[in-house]
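Submitted below is the structure of interest, expressed as structure tokens.
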Amino acid sequence: MSSAAVNKKKPDDAGIFLKILFYIFLIAGALVSIFPFYWMFVIGTNDKTGAFHVPPLLTPGKEFFNNFQRVLDRTDFFTALGNSVLVASAVTISVVFLCTLAGYAFAKYEFPLKKVLFVFVIATMLVPAQLGVLPLYVIMAKLHWIDSYKALIVPAMVNAFGIFWMRQYISSAVHSELIEAGRIDGGGHFRIFWNIAIPVVTPAMATLGILNFMNVWNDFFWPLVVLKNKEHYTIQLALQQLFTNKDGLDFGMIMSATFTATLPLLIVFLLFSKWIIAGLTSGAIKS
Amino acid sequence: MAEPATATPAQLIKSKKPFLNETRRSRITAYTFISPFFILFAIFGLYPILFTIYLSFFKWDALGPMKYVGFKNYHLIIDDPTFWISFSNTLIMALMGTVPQLILALFVAVMLNSAINRYKKTFRLLFFMPNITSIVAVTLVFSTMFGNNGMINWVLNSLGMDNVAFNSGWWGVKIAISTMVMWRWMGYNAIIFLSGLQSIPTDIYEASRIDGANRSQQLLFITLPLLRPFILFVTLISTIGSLQLFTEPYVFLGQSGSGATRQEGVTMVTYLYNEAFSNGFFGTAAASAVMLLIATIFFSVLNMVLSNRLGGDTGGKEA
């Protein structure tokens with residue numbers, strides 16, 4: 001009897017108990033994932049002692065502007081934000097352009113050593129970048145790029161992940177017939193790239209751009225090494241600066257800054273999340 | 001690739017200038033298109049790494065002349081207890097931060113992928129959100145939660161447990177830092193696993209169901225083996241990433257300046273950073289970078305060997 005009843009169900013249907021268990025677990029996980037964002041906001045809007053209130057505070061207060069005023073007293077918050085925007089935009093524009101160009105070459109051209117070179121590109125992804133940090137610092141010193149944005153921008157202008165990403169997309173999205181037709185009509189190589197390939201691969205470029213922007217925006221190690229003057233600090237360095245023990249940690253102030261620095265990225269992410277996650281799941285490590 | 005034996009009309013026309021025929025022209029174009037990467041990588045990636053190895057045999061403060069000292073830098077760091085503490089800390093935190101995280105991520109991915117889940121997209125988004133915040137921001141938020149009178153200790157107290165010194169205890173610091181790593185990467189890895197799960201064709205499951213396989217058998221004998229490339233990729237990336245742990249301990253312990261070398265939280269990269277940029281010992285810093293490189297290669301190879309071995313075993317049971 002009971003086995004007959006089970007057979008009638010759709011094969012993928014789990015028991016109601018399992019269903020509830022799944023959702024409880026997923027909802028708990030999702031809450032844990034977003035709680036720190038909310039906590040940032042709660043502490044940023046409460047007064048100095050808010051972080052250690054017993055029992056923990058869970059509702060926003062009214063102190064945000066007071067807290068943020070103290071941020072402005074201690075660091076050049078908006079300058080740092082501007083610096084980050086400048087550096088991240090410059091890197092992103094360059095990465096998107098150069099990676100698309102290289103990805104296009106790997107996807108649509110035949111040339112000697114193509115496979116070897118592409119495997120080499122992939123292999124560089126596995127080498128920890130921090131290993132070369134000392135000589136890189138020395139190179140920057142020789143070039144007089146210490147404390148300049150060039151040190152942050154130039155080495156990051158193109159990367160292996162981006163080339164890999166664009167190659168995957170271009171191989172399937174751009175039809176070789178179109179390129180050949182363009183060649184027969186006498187179009188130059190770059191013109192065909194610009195007029196035929198680029199319009200087709202804009203979505204992949206956008207995804208790469210956003211991912212790259214977030215990475216550069218969130219980088220801490222390399223700016224910490226090369227930036228000396230506080231006026232040149234990126235937002236991450238400015239945030240870290242607030243976290244000092246000098247006169248007791250003022251978490252209200254720290255969190256109001258952290259929240260303000262996170263908000264733009266959060267909004268951008270939520271606007272483009274469909275692209276980003278779809279991109280990640282389709283292009284990340286196929287083949 | 002090779003030139004055709006008989007000349008095509010195009011080549012006949014261009015036979016006056018054979019050097020710039022269509023094939024050559026397109027090859028030059030391709031090399032030009034890919035050259036920025038190779039040029040920049042040679043200058044800012046490859047050369048620094050090779051120079052690091054060279055530098056590890058010299059005594060140098062980054063300003064004065066370099067002095068050849070042979071393996072002395074290696075002897076120095078091998079004799080330095082802090083180096084070994086940084087080494088074991090890195091491994092402990094790598095284990096604590098990745099193993100439970102990857103298991104959880106796999107569970108989350110399976111649950112997200114299950115047919116009973118109607119809110120896949122929403123959950124995917126929520127789980128991915130931690131990954132977009134900066135590590136500095138994450139560390140600051142978790143610092144308030146893990147404070148002596150912070151939220152986590154309040155929860156522990158309400159459960160009848162004692163306070164844990166998350167910002168100074170040997171295990172406390174490691175737990176706090178691994179938690180940050182887990183929080184930031186679990187959802188990301190779950191989404192990579194999810195894309196792997198979605199690439200498994202559903203008819204394999206249907207066939208196995210007809211053969212009488214239950215859910216756990218399906219998970220063990222179909223899902224996991226077919227997911228192996230994804231598991232390998234994620235484990236590899238996570239291992240390499242956790243060997244480079246820097247920002248979390250640096251910010252979490254760094255409130256008063258040199259806190260990042262405090263024994264309970266010093267990692268290989270904070271050690272390296274401190275040797276070079278606080279102490280000015282570029283030689284020993286380079287030697288520790290080489291040790292990090294060796295560790296990275298060792299664990300990457302170990303990863304691949306282990307996952308091959310495991311894959312082989314499952315295959316054997318299946319047969």
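Each Cβ is built from the backbone N, Cα and C atoms, and glycine gets one as well.
When I checked TrEMBL for this same protein, it listed these features:
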DOMAIN    A:81-272  domain 'ABC transmembrane type-1'
TRANSMEM  A:20-41  transmembrane segment
TRANSMEM  A:85-107  transmembrane segment
TRANSMEM  A:116-140  transmembrane segment
TRANSMEM  A:152-171  transmembrane segment
TRANSMEM  A:192-214  transmembrane segment
TRANSMEM  A:251-272  transmembrane segment
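Quick one: how deep are these features, and who are their neighbours?
Proximity of distant same-chain residues to the transmembrane segment (A:20-41), defined by a Cβ-Cβ separation under 8 Å and at least 6 residues beyond the stretch ends, is recorded for 14, 60, 255, 258-259, 262, 266.
Distant neighbours of the transmembrane segment (A:85-107): 114, 117-118, 121, 149, 152-153, 156-159, 162-171, 174, 193, 197-198, 201, 205, 208-209, 212-213, 216-217, 234; these residues of the same chain sit at least 6 beyond its ends, with a Cβ under 8 Å from one of its Cβ atoms.
Within the same chain, residues 87, 90-91, 94-96, 98-100, 102-104, 106-108, 118, 121-122, 124-125, 136, 145, 197, 201, 204-205, 207-208, 212, 216, 222-223, 226-227, 234, 283, 286-287 sit at least 6 positions outside the transmembrane segment (A:152-171) and bring their C-beta atoms closer than 8 Å to a C-beta of that stretch.
Outside the transmembrane segment (A:251-272) by six or more residues, the chain places 37, 39-41, 43-48, 50-52, 63-64, 66-68, 70-71, 74-75, 77, 81, 206-207, 210, 213-214, 217, 235, 238-239, 242-243 with a CB less than 8 A from a CB of the stretch.
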